[in-house]
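Accompanying notes for the structure given below.
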Amino acid sequence: MDVLNSSSPDSSAKADSSENGDSEECAAWGAGAGVKRSAAGEPAMAGRHARSLSVDSLMGRLNFASPGGAANGAGGMFSLEFGSGEFSPAEMKKIMADEKLAEMALADPKRVKRVLANRQSAARSKERKMRYIVELEQKVQILQTEATTLAAQINLLQRDSSAVATQNNELRFRLQAMEQQAQLRDALNDALTGEVQRLKIAAVELGIGDSCSSNAMAQQHNLMFQHQQLQATPIPFYQLQHQQQQQQNGTANKHESRE
C-alpha cells in the first residue's frame, strides 16, 4: 500500500505534465498555423486576410445533373457556371447542351471560348452563304424572265423579217414582169413600125390611086392609134400577135380581090 501511495503522486504529476505538454503543443501548432514565421524564427508581418470558402458557395458554383439527365446519357456530368461572367447566358446554354463542351469547360474554359467563337463564326459564314445563294437564285429568276421576254421579241422580229422577205420577193417578181412587158412592148413597136414601112412600100410599088393611098393612110392611122394604146395599157403578147395576123390576112385578101 505504501508503494502504491508513494507511486500515486508521481503518476499524477506525470499525467499533469503530459496534459500540460499536450496543451502547449496544441497551442504551439495553432499559433504556427495562424502566424507565419520567417527563416530566423521571428513572426512575419500578417499578409492579406485569407477568404474562407464555404461548402455552400462551392456547391453553388457547381450544378450537378438531375437524375432525369442520367437517362439521357448525361449521368454524372455537371456543368460549370462562372460567377465572374466569363460565359454569357447564350454560351452557357450551348455548353449545357453539349457534353463535350461541359467537360472541356471544367478543364480549359478558354478553349471552350475559342470553340464557341469558331462555331459562331461558322454559323455567320453559313448564313452569309445562304443569303448569297438566295440572292443568286433571285438573279437567276430575273435573268430567266428577261430571257423569256427576249425570246418572244426575237420570235416577233423573225416573223416580221419573214413577212418583209416575202414582200421583197413579190416586188422582185413584179419588177421582172414589168421588165418583160417593156421588152414585149418594144418588140411590138418594132413589129408595127416594120409593118407600116412594108405597107408604104407595097402601096408605092402597086401604084394605087388616091383611094388606095387614103386606105393605106387610114390603116396606118389605125396602127399608130393601136400603138399609142399599147403604150398606155400593156397588152399580152399573144393578143398582139393575133391582131397582127388578122391585119395581115385582111391586107392579103384586099390585094387578091383587086387583082
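Positions of Cβ are set from backbone N, Cα and C atoms, glycine also.
Taken together, the residues in the coiled coil (126-160) have a mean pLDDT of 95 on the 0 to 100 scale. Under the heading coiled coil, TrEMBL lists 126-160.
For 1-15, the entry in TrEMBL reads compositional bias 'Low complexity'.
Annotation source TrEMBL lists domain 'BZIP' at 108-171.
Positions annotated as region 'Disordered' by TrEMBL: 1-28 (among others).
Summarising the annotation, TrEMBL assigns region 'Disordered' to 240-259 (among others).
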Q. What counts of helix, strand and coil residues does DSSP assign across the domain 'BZIP' (108-171)?
A. 63 helix, 0 strand, 1 coil
